[in-house]
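Asker: Here it is, the structure, as structure tokens.
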């Protein structure tokens, strides 16, 4: 396979910080390549250098089509045929699919490209990929998976020879991932190279040929994808061996805290029954659209169920708002930490006390600075949050520490049931361990925990019991000691 | 074309069109003089100024920005042009060039400040509104210009049709300006690459930068165009009023904004059409004119206008909420 | 790499005057510096003409109206919104009070007169309360953008005022109103005392109460606050209610000062309040800002305006200067950030 692009000795420093150190990498024409690494490993810097957004430090070489570049400009990179599909997809929601795909036509000259020419160009691309897209629909009305197709079509319309996709599967259902993999094969068949950038070990590994792993700005190596196991990749990315064992305490005598009977909400989930005992971690696993998050939102009172019964400590409760749920001792850590979990711009301290402001009232109904300080300190200590100044914005914390802030906020409400929705999304592997340790400690102290996830190892090694959800229903219950990763995956995809 | 009709009825413009037509029919039946050529000509003439500004503001809103300062730009432009016209031997071409140049300069100042200060466009243009207007009032001491050159006050109008009683029906500069502003804006927005880039910018600024749109340059064009339209509008307003008063226009900026928003443009950018804006202006014009003809005291017309704005923006918000709920279902 | 080792990442681009650049304390510092510079400048230019009892008193008379309006604008700004209806609300409230005063409150015996006076004030705040509830409901429950909702109520409320009064003036109030508007207590204008009595509790309300915390938090991220178990809609309704009630108070002060009420008083204040608030460090995107910054910015603006007046410069130039001060301060902040980003670190 001839090389499409070959990078030699690429380094990048920001001030005194090394983002990339002497990285070599080649991508073959028509190759499917995986670029793996934790947050902060240098993946994004490398992509920015390839796409010309940032120049590398002097001394690096980029060879494309036998031509040597010391750095690329965005325009050059586009002309050569390098297209990056960022995680946010960078589409125009208010323009039609056709215009989004062929937008490059709008960049040259003053006079309009003409709707007809634009359309025929978009049509040609869509036909080439063999995907079904309504060219006249507004992109804002499409599902995430369809939007991704539009982004891929746009890359193709720009005569891409290398498509770099940043975390492409993060918000896709399994069927949608399969479509994506099919399209990737089609791109490959046309001689277009694809680079998947990922910090998790996921489905794209199925069709990748080689994997390059970065850690702390250095390249650890490139391997054939067939030789790579998720565990090996994980330890390469983090530099640690992770060896989890399934440990399940006997909880049969513990009292049931939360009990749900035949709970339904039209269009979201049907006939869900479950119990969580004191000290138990109940894993709920399912793909996007399986109803897992919707169930959690109903238990948290934000989208009340239409049918069925919820009991706390045996007494039926009506959860019509999240305030009611909180008052009954239910807390919910959202999967979308950045927009629903935290107020990123505001201080760490203000986030920790946000749900318990009324408890901080002192003289004359005013917030007592002492009580606030005390509550903040308690949260920080209880969860081991690494903070230089609690008045700094939450934004300045790492993903793992941010998640601890969210949990601290909820622990302050003294919940009996803690619902964690994908608690380690966007958290580095090392920091994940810290979160799991917290969850286990809370359970050991008597908290009933519901841990929702779409990552199999997460529930397999950290939950005491696993429910599989699919199409809004509970499809099965498993004991972690009795099931393997493969069997659990089959149960989810079935 | 049933498909086209269906789309139209589902769009904001379609619903608005229905409202405007109903209002039109009602006023035509309920009042004697609403449905008359003379009334329509009067309406076109008196709403030419706000209509033109609405066309300019539409472009700014689509780009994701907002401009509050255009009434001040217009005041400066017409004052400068008419002062020159009074003191030098100039004609139409020169005054048009002057208002265009002054308007564009004001717009470019806005664009540069927005691009460099890191303040939102609303804050910058509120500030420049005060700067432009304050300086104008300071320099002119608030003095009006009552005497304008004859060639200007006589203007240009063409008698299109004379009825049996000998009443002439005319086609005037104000109509040319209004129609011109809408046509040029529509062409700019739908037929040029620049126009599509403006939609793209308002729709997703980051993505626009990534596909290679030069945001700063595009903003120069957007705010420059707003200034240009403001300059032109100021000229035809001065011609209609037959005088120039430095403080006659400032204070009307929010009315223009209301018309554009009624027409379906979103303050978030990326959304809006010239057709919708025309309907928005028509709705307000028919409403105010109709109330008067219905014998409602003119004191109350503002109250009705406000109520209509409130109802319309509430309906729009509810509609968008429903749409969003629909999208959520698609995604789930 | 361990938890929290974010240092290996490239540093984020230098925050420029957006949310991050508009943090309160540097703004206050910048304003104090600006204030001192202006004082020095005007001391040279004007000397005793500016720094004497009469000039300072006249500043103290003028500042409170704009000040209370700016407070009324500040609360919605903090919540990430805006209230364009403050002036219209103020005028309608003042007209309501004026109507009661002139029709019932001037004659009669002592006790009933006092009752009528209370009724007049109650009418003002009642009217304002209704407007505030309307704004809050439309914004919080229907999800209309605050600019548009309050643009609608502004037009409607002013329309009601114009419709009822036919654009006319209601004048002639009891002596105590005149005293509030123009009187002095120990040499201090009553209006300034009223402003202080309002501004200090507002500062406390916004920083030291759970309501204030909720307002600033939801100004930055409404959804996250909603997911934290807070009824954000109720908070928003209160925000616009407070804004309207403050507007009514400002309207009453205007009425007291002019000894008359009208549908169109003080309209030029509307956009100025936004300028003053932003200059005072209130982030127009919501979430950040303090009353202390706002007060400092009001003092700076008032100083500019009074000095311009004493220099025989038209009041309109001070309008232009106000706009220029805001742009200039933002420009200085921008150059500062730019310099810090590019100049080598020591």
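Backbone N, Cα and C define each Cβ position, glycine as well.
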Asker: Tell me which range among C:214-233, C:294-313 TrEMBL lists as transmembrane segment.
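Answerer: Checked against TrEMBL: transmembrane segment maps to C:294-313.
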Asker: For the transmembrane segment entry in TrEMBL, name the matching range from C:136-156, C:262-282.
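Answerer: Within the set C:136-156, C:262-282, TrEMBL attaches transmembrane segment to C:262-282.
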Asker: Look up transmembrane segment in TrEMBL and report which of C:94-113, C:114-133 it refers to.
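Answerer: Of C:94-113, C:114-133, TrEMBL gives transmembrane segment for C:114-133.
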Asker: Considering only the recorded stretches C:59-78, C:114-133, C:164-180, C:186-207, C:262-282, state which has the highest number of Cβ pairs under 8 Å to the transmembrane segment (C:27-47).
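Answerer: Checked against C:59-78, C:114-133, C:164-180, C:186-207, C:262-282; highest Cβ contact count belongs to C:262-282.
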Asker: Which of C:164-180, C:186-207, C:319-339 has the most Cβ pairs closer than 8 Å to the transmembrane segment (C:294-313)?
Answerer: C:319-339
Asker: At a threshold of under 8 Å on Cβ distances, which of C:59-78, C:164-180, C:186-207, C:262-282 pairs most often with the transmembrane segment (C:235-256)?
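Answerer: The stretch I would name here is C:59-78.
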Asker: Count, for each of C:59-78, C:186-207, C:262-282, the Cβ pairs lying under 8 Å from the transmembrane segment (C:164-180), and report the range with the highest count.
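Answerer: By the under-8 Å Cβ criterion, the transmembrane segment (C:164-180) pairs most with C:262-282.
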Asker: Any residues 6+ beyond the ends of the transmembrane segment (C:262-282) with a Cβ under 8 Å from its own?
Answerer: 22-24, 27-28, 31, 65-66, 69-70, 72-74, 77-78, 82, 84, 86-87, 90-92, 94-95, 158, 161-162, 165, 167-170, 250-251, 254-255, 288-290, 293-298, 300-301, 319, 322-323, 325-326, 329
